[in-house]
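One structure below.
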Amino acid sequence: MKITISGTGYVGLSNGILIAQHHEVVALDIVPTKVEMLNQKKSPIVDKEIEEYLATKQLNFRATTDKYDAYRDGTYVIIATPTDYDPKTNYFNTSSVESVIRDVVDINPNAVMVIKSTIPVGFTNLLKERLGIDNIFFSPEFLREGRALYDNLHPSRIVIGERSERAGRFAALLQEGAVKKDIPTLFTDSTEAEAIKLFANTYLALRVAYFNELDSYAESLGLNSRQIIEGVCLDPRIGNHYNNPSFGYGGYCLPKDTKQLLANYASVPNNIIGAIVDANRTRKDFIADSILARKPKVVGVYRLIMKSGSDNFRASSIQGIMKRIKAKGVPVIIYEPVMVEDEFFHSRVVRDLTAFKNEADIIISNRMTSELADVADKVYTRGLFGSD
């Protein structure tokens, strides 16, 4: 069975490598350098398991820039292209997904298309009506950037947005490649599957925002935030997870998914969803004000990446802090090894860590790290538990 993956980011690659253990997989991408790396068994993204599997496992996997080669004769086409949130329209930009669908319909109209990209609630059914097609359904992904393949090898659940034989066969592909057995698998309608994805991520954002507000309260009143969080989380109904204070929720998924869900609530009474989005802005204001209260001459930003083990800093929360500090006229320098540019938003990138430490009189870091241990007195962080 030939499976095509359109898009070789975290979602596309992790699904492709998972399935390529047992089936032919062809990955399509428009970036020639990424395709070349993949065909040399090298990962274009930082992900321990993806790197390991490409280098050491027997995979029936190749990549191409040729859409005709990729889509021809494929049984399933997994669509994993980016859907950025457009603040002007209050809607995901689904143009890349729609472009793939048009190409597949033109080249291989019998292929079953599976959307893995995050999309608005109701999008799949709207597409079916608009294009007059039925060979498509949505299946959300639940993964962490930097651990994408691990999360597909050990999934918490599989959700398939269709009840049919072809949906069952697709679920079997994911189950077959996983290390974990007896995976909870849920078959729903596509619209319900779309809602599951957005509500799951919005709940995670809610939890981040909750513990951040607890931490803001503790810092404002001079209380020990760690003791409070530990005491609260010993209640098994709350649990000791996803509770580490931060500069706000960030990254590619949570900010855009919460805003999209809020937009989907346009005609539905709500309070909590809007409050989550507002709380994240308030947290960034609070953090920036706390840093500025120390009257720094130069603020050093240690790492722009969203989390450890990732090379991605799309919409990382520390960027919001950085912009607020710069808006008050305080110079900002950046230490970020994965950057090739010399500037980021008009702030200088310092490549030498020692020089960076010497030049900054306050260093802000979303998480404490051993690299900063020798200048701990300069470091401002709200991370308490050494985890993302």
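Glycine too: its Cβ is placed from the backbone N, Cα and C atoms.
Noted in Swiss-Prot for the protein shown:
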- 2-19, Asp29, Lys34, Thr83, Thr118, Glu145, Tyr252, Lys256, Arg314: NAD(+) binding site (BINDING)
- Glu141, Phe142, Leu143, Arg144, Glu145, Lys197, Asn201, Tyr242, Asn243, Asn244, Pro245, Ser246, Gly250, Lys307: substrate binding site (BINDING)
- Cys253: active site, nucleophile (ACT_SITE)
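Sequence features annotated in Swiss-Prot and their locations in the structure.
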residue : record                 : contacts (Cβ under 8 Å, 6+ apart)
Ser6    : NAD(+) binding site    : Gly12, Leu28, Ala70, Val77, Ile78, Ile79, Ala80, Thr81, Val100
Ser14   : NAD(+) binding site    : Asp47, Ile50, Glu141, Leu143, Ala148, Leu149, Asp151, Asn152
Asn201  : substrate binding site : Thr118, Cys253, Leu254, Asp257, Thr258
Asn243  : substrate binding site : Arg207, Phe211, Ile229, Val232, Cys233, Phe385
Pro245  : substrate binding site : Phe211, Asn212, Leu214, Asp215, Ser225, Ile229, Arg382, Gly383, Leu384
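Each residue contributes its Cα atom, and for Tyr10 (NAD(+) binding site) and Glu145 (substrate binding site) those atoms are 6 Å apart. Cβ neighbour count for Lys256 (NAD(+) binding site): 23 (other Cβ atoms within 10 Å of its Cβ, all protein chains included). Taking CA atoms as the reference points, Gly250 (substrate binding site) and Leu18 (NAD(+) binding site) are 27 Å apart.
Cα spacing between Lys2 (NAD(+) binding site) and Glu145 (substrate binding site): 26 Å, rounded to the nearest whole number. Between the CA atoms of Lys256 (NAD(+) binding site) and Glu145 (substrate binding site) there is a gap of 15 Å, rounded to the nearest whole number. Each residue contributes its Cα atom, and for Leu18 (NAD(+) binding site) and Glu145 (substrate binding site) those atoms are 16 Å apart. Looking at Glu145 (substrate binding site) and Thr83 (NAD(+) binding site), their Cα atoms lie 16 Å from each other. Residue density at Leu18 (NAD(+) binding site): 27 other Cβ atoms are found within 10 A of its Cβ, drawing on all protein chains shown. Mapped onto three states, the DSSP output places Ser6 (NAD(+) binding site) in strand.
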